[in-house]
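Have a look at the structure below, then the notes.
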Amino acid sequence: MPVARRLSNERRRWRCLAKLSFRDCAERGWRSRPGGFGRRARGFCSLDSRGAIAMFCSQAGARPRTWEASPPEHKKWVEVFKACDEDNKGYLSREDFKVAVVMLFGYKPSKIEADSVMSSVDPNTSGIRLKEFLDIVRKKKEAQLYRNEVRHIFTAFDRHYRGYLTLEDFKKAFKQVAPKLSERIILEVFREVDQDSDGHVSFKDFEYAMNSGQKQA
């Protein structure tokens, strides 16, 4: 075949690939491997186990959402800020912030979480101002709602209420979400999510995979 024709065929192939949706690739079971493009066995499109997890997250409906507080909730957050702002400093110290989190979320922040929050505030201030506090609480609320969604999905697939998912549970879950995905890729997903290789996927494993999938999506 003349070189010009081969190059023309390659350009057409790339244009076709550009039009394929992520789900199209998933349903065809195509994966990328070193060596690039060519026959189906070598892969037309990038879909590995992490890509499959990303697709699962998208199709299952668990995704972070922007969330705004209602007026009563906003008022409550402001009242908590004022209650924890000892001496009316206009900001929350590290210890003040911990108390505020206990009041709003029912747990005491770890040293790592407190360090992360304090390092993110304006270095020119002595602590967390009201505006920063409201933004922190809103993000924590969004994360809490997303985790509840993930928990709901996990519970829906844990049909025997065992507190973990088996490979068969995974197969049933993917059959609902992506029925044309190959069992080979589902097995790869299961092996990756099952971090301790004990044949069981705990909620912690599942949540970690869903969070990783969101970053891939």
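Each Cβ is built from the backbone N, Cα and C atoms, and glycine gets one as well.
Sequence annotations record features per position, and here TrEMBL assigns domain 'EF-hand' to 72-107 (among others). Residue counts for the domain 'EF-hand' (72-107) under DSSP (helix as H, G, I; strand as E, B; rest coil) come to 28 helix, 1 strand, 7 coil.
Each residue in the domain 'EF-hand' (145-180) gets a DSSP state, and the totals come to 24 helix, 2 strand, 10 coil. Feature annotation from TrEMBL assigns domain 'EF-hand' to 145-180 (among others).
Per TrEMBL, the feature domain 'EF-hand' maps to 181-216 (among others).
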- prompt: Can you tell me how the residues of the domain 'EF-hand' (181-216) break down into helix, strand and coil by DSSP?
  reply: 25 helix, 2 strand, 9 coil
Within the predicted model, mean pLDDT of the domain 'EF-hand' (72-107): 94
